[in-house]
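Among the features that TrEMBL reports, domain 'NADH:quinone oxidoreductase/Mrp antiporter transmembrane' is placed at 23-286. Taken from TrEMBL, the feature transmembrane segment covers 57-75, 95-115, 201-221, 233-253, 273-293, 325-346. Residues or ranges marked as domain 'NADH dehydrogenase subunit 2 C-terminal' in TrEMBL: 289-342.
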Amino acid sequence: MNPYILSILLFGLGLGTTITFASSHWLLAWMGLEMNTLAIIPLMAQHHHPRAVEATTKYFLTQAAAAATLLFASITNPWLTGQWEIQQITHPLPTTMITLALALKIGLAPLHAWLPKVLQGLDLTTGLILSTWQKLAPFALILQIQPSNSNTLIISRLASTLIGGWGGLKQTQLRKILAYSSITHLGWMILVLQFSPSITLLTLLTYLIMTSSTFLVFKLNKSTNINTLATSWAKAPALTALTPLILLSLGGLPPLTGFMPKWLILQELTKQGLAPTATLAALSALLSLYFYLRLSYAMTLTISPNSLLGTTPWRLPSTKMTYPLATSTTLTICLLPLTPAMSALLTP
């Protein structure tokens, strides 16, 4: 892609998210979301591969349906209450429609079916943008309407954690596994949103760091399925040794960074008297942990098959920039000791 066009598209992505962040009016927020969608579509279809075009079409139709629902709900709210402000949404009908539209935009269960299929058709760089940056603007709106909308998201909470865990069990494609991982983490964020939005933001931040690390590792190794992970030791032995720590951090094992948000969420749910919910959420995390362990096993404890599909690649020096990968990997592995400081910051 022409670098000037790429710069314009990336600027459009940033501008759309910034407009949604800064808006207090529903039409401005909707306009920012639309700019986001229109900017990422050329990035998704840039390789002109049939799967990429199919994924782009599915993404466009899904986002168009969510945007239409959001626009209809944002017009219905002033018709019923006379208020255009995001913070002033009080009527249950537009509140429910807006919540469903935003859940469809980010891929929350039960409106999640498009996410694994779309992510599977994209290259890893665009998949990274879709899994991280594209979640920010809708999530900002969910955080703003949260005080008046605690009941609508109840179904999505545990459903996302359970569906994300069950769906990833049988997958062999890495991008689909990361899509179900995204659904699971979104479920954890929504789980505590009603009680502590600050913990939700912390969970979102750690999810962005860990997911970025995972995508960058797979991109460096050019891995798209579990079989190709087994040959990655020949490309980057040190990175192959660190990758299981990144995956286990995504699974939430101590003493890694991913344990921190799960720890704080379970603690907050227990404080609120929701011990059964906390127990079910913790048990659902075991489902996700299984497929992270499966990836770790395939990457570090197996010898690649001696077939044409699994031939060992040449160990050529990498020309890719590894500073973002080094930074995100360090943060993914080493942030757990900062938990007391994070708890102090999150305490009102």
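Cβ atoms are placed via backbone N, Cα and C, with glycine included.
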Of 57-75, 201-221, 273-293, whichever stretch has the most CB pairs under 8 A to the transmembrane segment (325-346): 201-221
Intrachain residues whose Cβ lies under 8 Å of the transmembrane segment (233-253), provided they are six or more past its termini: 181, 210-211, 213-214, 217, 220-221, 259, 261-262, 285, 288-289, 292-293, 295-296, 299-300, 312-313, 315, 318, 325, 329, 332-333
Positions on the same chain near the transmembrane segment (95-115), where near means CB under 8 A and six or more residues out: 33, 58-59, 62-63, 65-67, 69-70, 72-74, 76, 89, 134-135, 138-139, 141-142, 145, 148-149, 152-153, 155-156, 159-160, 162-164, 179, 182-183, 186-187, 190
Integer average pLDDT (0 to 100) for the domain 'NADH dehydrogenase subunit 2 C-terminal' (289-342): 76
